[in-house]
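A.B. asks: This structure is in structure tokens; I'll ask about it shortly.
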Amino acid sequence: MDLLDAYGGEHSGSGSEGEAPIKLNINVSAAPPVDTRGLVMYDDKAVSASELRKLQDPTARKVMYNLPYKDMHAPIAGPAHPFQKDGLAAGSRNHFSGHVEDTGLNPFHFDDQYNSFHAKNYGHAPGSQALIGKGLEAAGRNNDAETQLGIKRRKTTAEKKAEAEQKAMQCSALDPSQPFTLSQRQPWAAKVAEVSELTEQQKEYLAKLEEEKAEKASASEVKGPTTIWHGKEKSDYQGRSWLAGPKDKRSESDYCYLPKKWVHTWSGHTKGVNAIRFFPKTAHLLLSAGMDGKVKIWDVYGSKKCMRTYLGHSKGVRDAVFSNDGSRFVSTGYDKNIHVWDTETGKVIRTFNTGKVYYCVTLHPDDAKQNVLMAGCGDKKIYQFDIDTGDTVQEYNYHLGPVNSVTFVDQGQRFVTTSDDKSIRMWEYGIPVQIRYIADPSLHSCPVVTSSPNNDYLLMQSMDNQVISYACKDKFKLLKNKTFKGHNTAGYACQVNFSPDRRYVMSGDSEGRCFFWEWSKPQRIVRTIKAHDGVCIGCAWNPMESSKVATCGWDGLIKYWD
């Protein structure tokens, strides 16, 4: 450095003024050039991208280069870190006791092996049928040992062949010339049947069970129709039958009034009541047909109690009607039977059964033809029976569905029928050919039809929530201005009826109400009564007491209104 300073001094002194000093370049590196392409600074060091991938921390939140897709999804590899709780420290360990792999195993077999190993200390070896474990030596049955659930090892081919030969020998015919042992031919011969004798207490218990079975069998046997009398006396002090009406009872008025209050309830049916009918002319008795298979008759004017119960149907009673004098009535039920009853004694006069369900029954209105019974059947026919002889006189077969109603008009010379086929047909009595057929696209099924007191009009309960009217005196035609609406009867065969003076029309309702309309003003509902909790299926006006009405419903009650 001294030489350099001296050299600089001499050169500066000897030079002319204005000349710049000479500078030496001593910062030139003597190292060869290095290619820095592909290098990345990582922790103040230049590292190649391939090395950086190896050094990359899998838990890092910041990546210093663009990772390829395969590297992003590559599994973590490398030795486990002794002080790191996650990541590589776990290695292939996924359980606190080691590594657990998923495999498909039936739960039954898993439970079998688990319980066998813990209970008997042996089980099936994995991948083979051999049983292993310390418990085999204690059990002393290595080959025939069972698991906890009773699963034995599979038998070998030789064992199966030996068993098949043994069974074949036991099933073959016996050859006396060949030697055999009894156990070979009859494996059960060595077993002695152990039969213990019953004690006295056990014998008494078995005898009691046999008696109970016999009683149940006798109770379930089909018995004939019977009757139960509930009244006090069957005749009064003058010898008159209980069926005779009161002589002092007269019609209160020819003018009918709407009922206002609930005055009485008849309860005795265990199920719903399908129909009610007043006794002809005097109306001192009320007939009811119940879904419990019973027909009951009730007193109306006196004690208002049940007088007699008629037991003859094994299923619900569909309909019941009186004869003109009330001495007999006809009932039909879902047990496919029609019974003709003697009202006074309760005896069955005649029974009709064709194997089909009858939905309605009607007697001829002529007093001289009270032996003629018309029945609408579920097989699309109307049957005409003779009660006196029990014969089927005529069949009327034109309907396309079950027949719901049969109503006589024109003094019994013709009758009108309705069906589920949504048609109305008129017939000449005794001639199985229809004389009038009414079917309209707007016409609905009419399951209930009622005639007016003077037989000039017919009321039909239509399934579109309205009551339609037909004139049947001179010409059978629809009265369009006599349609009664406002109630809800869709799906229910609610009974519709006239008042005795034909001033009012009444009908039941699916919501338990009873509706009243004026015949002259069909659009006007004059009164509505909430009669029953369930469906109000039937209603009838007392012909003697002009302001009293009876209703029945599926709640099992019959109510009387004044």
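Any Cβ shown, glycine's included, is placed from N, Cα and C.
Marked as region 'Disordered' by TrEMBL: 1-20. The feature repeat 'WD' is assigned by TrEMBL to 266-300, 310-351, 396-428, 529-562.
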A.B. asks: Give the nonlocal contacts of the repeat 'WD' (266-300) in its own chain as ranges (CB under 8 Å, at least six residues past its ends).
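C.D. replies: Residues 231, 243, 245-246, 249, 306-326, 329, 331, 333, 335, 341, 343, 495, 534-535, 537-540, 542-545, 550-560 contact the repeat 'WD' (266-300) from elsewhere in the chain.
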A.B. asks: Go through the chain and flag residues at least 6 beyond the ends of the repeat 'WD' (529-562) whose CB is under 8 A from any CB in it; none is fine as an answer.
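C.D. replies: For the repeat 'WD' (529-562), the list is 249-267, 269-278, 281-284, 286, 288, 290-291, 298, 300, 304, 492-501, 506-514, 516.
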A.B. asks: DSSP-wise, what's the residue breakdown of the repeat 'WD' (310-351) into helix, strand and coil?
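C.D. replies: Result for the repeat 'WD' (310-351), in helix, strand, coil order: 0 helix, 23 strand, 19 coil.
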A.B. asks: Determine how many residues of the repeat 'WD' (266-300) DSSP places in helix, in strand and in coil.
C.D. replies: 0 helix, 20 strand, 15 coil
A.B. asks: Run through the repeat 'WD' (396-428) and tell me, per DSSP, how many residues are helix, strand and coil.
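C.D. replies: The counts are 0 helix, 19 strand, 14 coil.
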A.B. asks: Tell me, roughly as an integer, the mean pLDDT over the repeat 'WD' (396-428).
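C.D. replies: Result for the repeat 'WD' (396-428): average pLDDT 91.
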